[in-house]
């Protein structure tokens with residue numbers, strides 16, 4: 001009986017979490033009449049909204065651009081954050097306190113405050129309207145939180161393991177690459193997930209920086225379905241949003257196993 | 001090892017900086033001029049019409065090619081703030097007059113006056129030109145207008161014994177009376193999506209002589225008296241005294257309330273005229289609706305807040321961009337855009353073209369008739385209006401319409417909030 005209640009609670013929780021996706025699916029499958037008057041479940045499902053979304057907005061190109069930017073951001077953030085987080089976690093200097101304070105403070109700046117200086121700097125380097133520029137901005141924005149996350153993971157790795165490496169003759173870089181990085185796999189995967197998703201969903205920087213229609217990202221494309229005074233083309237927007245979540249879901253599915261196995265291996269080693 | 005790596009990285013960065021091209025984009029003078037046109041067209045037919053206009057221009061003007069980009073209404077202000085500062089705003093900017101006034105005062109927009117033809121100027125009423133004239137300069141060409149209209153479920157009105165009005169205007173008292181008579185336990189007489197109430201209150205307030213501001217630019221002062229408070233007071237009264245206006249609808253968007261209207265939850269709704277498109281496409285069989293005559297207080301006036309086309313003052317191709325705007329302003333082009341967005345053309349010839357094309361059906365006739373009452377409003381000439389609207393007026397009105405504050409509090413918040421925004 002108790003087990004059944006646990007399963008019931010779990011099912012309710014999963015339904016709660018999955019509701020937005022189900023609502024999106026239901027809405028995407030409704031025809032215009034049902035969108036205006038219907039309930040949650042489409043009575044006569046249609047794929048016309050998917051056709052509308054794809055026809056009106058070049059979702060494939062936009063998704064490709066988003067993917068390039070998100071992967072580039074993730075790679076850049078991991079490459080920069082790993083040694084920096086290691087230094088912050090392992091070295092006790094006054095700089096560490098200042099750096100940590102700066103990481104926290106940087107998170108409270110509203111986007112609109114930082115976008116203008118960033119925009120002017122990027123313009124100087126002709127990186128406005130370029131996916132490389134957008135990748136750099138996303139990386140700058142994601143880096144502090146990634147540093148914060150990785151620092152915690154690194155602090156949890158016993159120093160003894162590194163000291164054993166040093167005794168065997170490994171230098172700092174070797175220790176970082178060959179000993180810390182493998183043990184840090186779950187943390188790196190979690191950080192990569194966070195970075196990737198935040199870049200994939202980012203709207204405002206892309207709106208300001210990207211002007212060439214061939215370089216727009218997915219959130220910009222989806223914004224086409226929202227008009228003045230809160231008008232929304234709900235069916236096309238839901239269909240487009242649903243298609244936009246597919247790469248994220250695939251990424252999660254691919255990476256989740258790695259995250260779980262990493263966590264388990266860490267548990268065994270601990 | 002780390003030191004070596006650091007030095008290498010620094011050298012690579014410096015080399016990158018040294019070789020990166022620095023400075024603003026410059027036209028090398030070779031090949032055709034390219035103008036970037038950021039459109040905010042939203043409905044599929046108007047997006048298609050915009051593309052057709054651009055294609056036609058490009059075919060006729062091989063030396064001046066227009067590249068169409070798509071923007072979004074939600075974020076256009078913040079986007080332009082940044083792009084004006086950085087000197088990379090599109091050559092042709094689509095926006096609305098209330099939003100561009102601030103940019104114009106900061107000198108970001110070119111004067112289109114010398115570039116627009118007499119034909120284009122004479123087609124648009126002076127009141128609408130006033131809405132896009134800042135410090136004597138015509139900073140935009142007005143294209144489309146929106147008015148607030150009452151949509152009625154005529155079956156419900158007839159069943160409740162309310163005569164469907166045929167007069168040119170309809171008073172707020174008549175609206176309140178019809179709302180009371182059509183209210184039943186299952187249905188509210190009126191639904192009104194006022195999640196973002198400021199624009200509606202400011203626009204309809206003109207009908208009671210509510211000006212909200214005196215002066216213009218940086219010297220404007222707020223003025224919130226009985227005339228300015230009349231529209232929110234009447235809405236509040238219908239919602240909480242008469243109970244003929246569904247209070248929950250006040251927290252919803254216009255689109256959400258239309259869903260309820262089509263489901264029979266409201267006898268009438270007040271919404272932007274463009275909602276007719278949604279009704280025409282989505283109304284179930286047998287659902288009878290119509291647009292009622294223009295809503296009038298002491299007058300049927302509403303604010304003309306036209307959609308606009310502007311050119312940045314620092315665009316290297318102001319003249320060519322203005323020529324493109326002149327091309328867009330041709331009556332057949334504006335009529336096509338208007339039909340696509342279900343909005344009112346700013347120019348009379350384009351309005352005539354829409355009337356001829358639609359036969360006045362699906363609410364077009366009263367909507368187009370209502371255009372004569374659209375006039376310039378004082379708030380459009382106030383530099384800090386967008387900030388006051390978002391930070392002060394919208395939350396204050398939301399609290400009042402949500403029955404969380406009273407009328408004196410609303411008056412105080414609107415007045416004192418202006419001092420906070422304008423630094424007075």
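Along the chain as shown, residues are numbered 1 onward.
Glycine is treated like the rest: Cβ placed from N, Cα and C.
TrEMBL tags one of the stretches A:37-59, A:175-197 as transmembrane segment, and that stretch is A:175-197. Between the transmembrane segment (A:134-154) and the listed ranges A:7-25, A:101-122, A:175-197, A:234-255, the one holding the most Cβ pairs under 8 Å is A:175-197. Counting same-chain residues at least six beyond the ends of the transmembrane segment (A:67-89), those with a Cβ under 8 angstroms from any Cβ of the stretch are 96, 99-100, 131-132, 134-136, 138-139, 142-143, 146-147, 149-151, 153-155, 176, 180-181, 184, 188, 191-192, 195-197, 199-200, 206, 217, 247. Using a Cβ-Cβ cut-off under 8 Å and counting only residues 6 or more beyond its ends in the same chain, the transmembrane segment (A:7-25) has close neighbours at 40, 238, 241-242, 245.
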